[in-house]
Amino acid sequence: MARHKTSDIMLPAAWRIPWDRQLDQHMARVIKAMAQINFASNMHHNLFMFTTREGLLHRNRMLSSSTTQELQSTQPIAVRQQPRAARACGFGDRDRRVIDPPPIVQLRIDGPGLSEEERRAYLRYPNYVMNCSIWDESGTRDASYMPDEYNHQRRLMGSLVGTPFVGDDDQNQEGCFFCFSDLSCRTPGAFRLKFTLIMIDPARASILRHFPTLTEIKTDIFQVYSAKEFPGMVASSSLAKKLKEQGCIISIKKGNERARPRGADGRSDDEDD
C-alpha cells in the first residue's frame with residue numbers, strides 16, 4: 001500500500017514554547033494519547049476527519065507555515081464564562097471544591113481571508129489543546145507554585161488541560177468551547193486564570209516537543225475564600241446548561257443553600273444534576 005508523504009511543517013520560533021515550563025504532566029498525557037490513537041475526532045462532536053488521502057492532503061495544505069500564520073491572527077479566544085469565587089481546598093482531596101462558575105473559553109474563527117470551508121475546518125480541528133495556569137491578581141506573575149516552605153506544590157489543582165467541544169451556545173450559535181469544570185485552588189487570595197491555546201499535530205507528536213501557541217487570554221480577577229467565608233455556589237448559566245444538553249462534560253448546579261432555601265426534599269441546592 002502506497003504511503004502518502006506529509007509536508008514538513010516549519011514552526012516559527014516565536015511559537016515554540018519550552019516543554020518543561022508550559023506543558024505540565026497533564027498536557028504530556030494528553031499529547032501521548034493523541035499520538036497513540038491519532039485523534040480523528042473530538043470527544044463527542046468533532047465531525048471533521050482527516051482519514052482519506054484527500055483529507056490528509058487538505059490538512060497538509062492547511063497546516064503549511066503561511067496558512068498557520070494567517071490562522072494565528074484570526075483565532076481570538078474569549079472567556080464566555082468568568083470564574084467568580086472558590087473555596088480554598090488546602091492540601092487534601094477529601095473536601096475539594098471547584099472554582100465557580102466553571103470557566104468556559106470560546107475559540108472564534110473570523111478571519112476575512114478564510115473561506116467558509118476553511119473556517120469550519122479550523123473550528124472543528126480536533127487537536128487543539130488548551131492549558132490553564134493561575135496568576136496573581138495583576139496578571140503579571142505566575143502563581144502556579146506555592147512558596148518554598150510548601151515544597152513547590154502546585155496552587156491550582158484538577159484538570160488543567162482542556163480539549164475542544166463543538167456545539168451551539170445558548171443563542172444557538174455554533175462555536176468551539178473549552179470547559180474547565182474541575183479546577184480548585186489550595187490557598188485564599190485574589191487570582192486570575194490564564195488560558196493558552198496550542199495546536200497539536202498528532203502525526204508529529206512523537207518527534208516534536210514544541211507546538212504552536214496560537215493565542216492566550218486571562219480571566220477577570222476571582223476571589224478564593226476560606227471555608228468559613230465562602231459565599232457559596234451560584235446556579236449554572238444558560239450557556240453551561242446548553243452545552244451539557246449536547247454532551248459536554250460540565251457539572252450543572254442549582255445554586256447554593258445560602259442563596260436559596262434548602263428544598264423540601266432536604267437536598268442542598270448546589271448538588272450536581
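Cβ coordinates are placed from backbone N, Cα and C, and glycine is handled just like the others.
Checking Swiss-Prot for motif 'Nuclear localization signal' across the ranges 99-106, 187-194, 211-218 points to 211-218. Within the motif 'Nuclear localization signal' (211-218), the DSSP-based counts of helix, strand and coil residues read 0 helix, 6 strand, 2 coil.
The predicted model assigns the motif 'Nuclear localization signal' (211-218) a mean pLDDT of 88.
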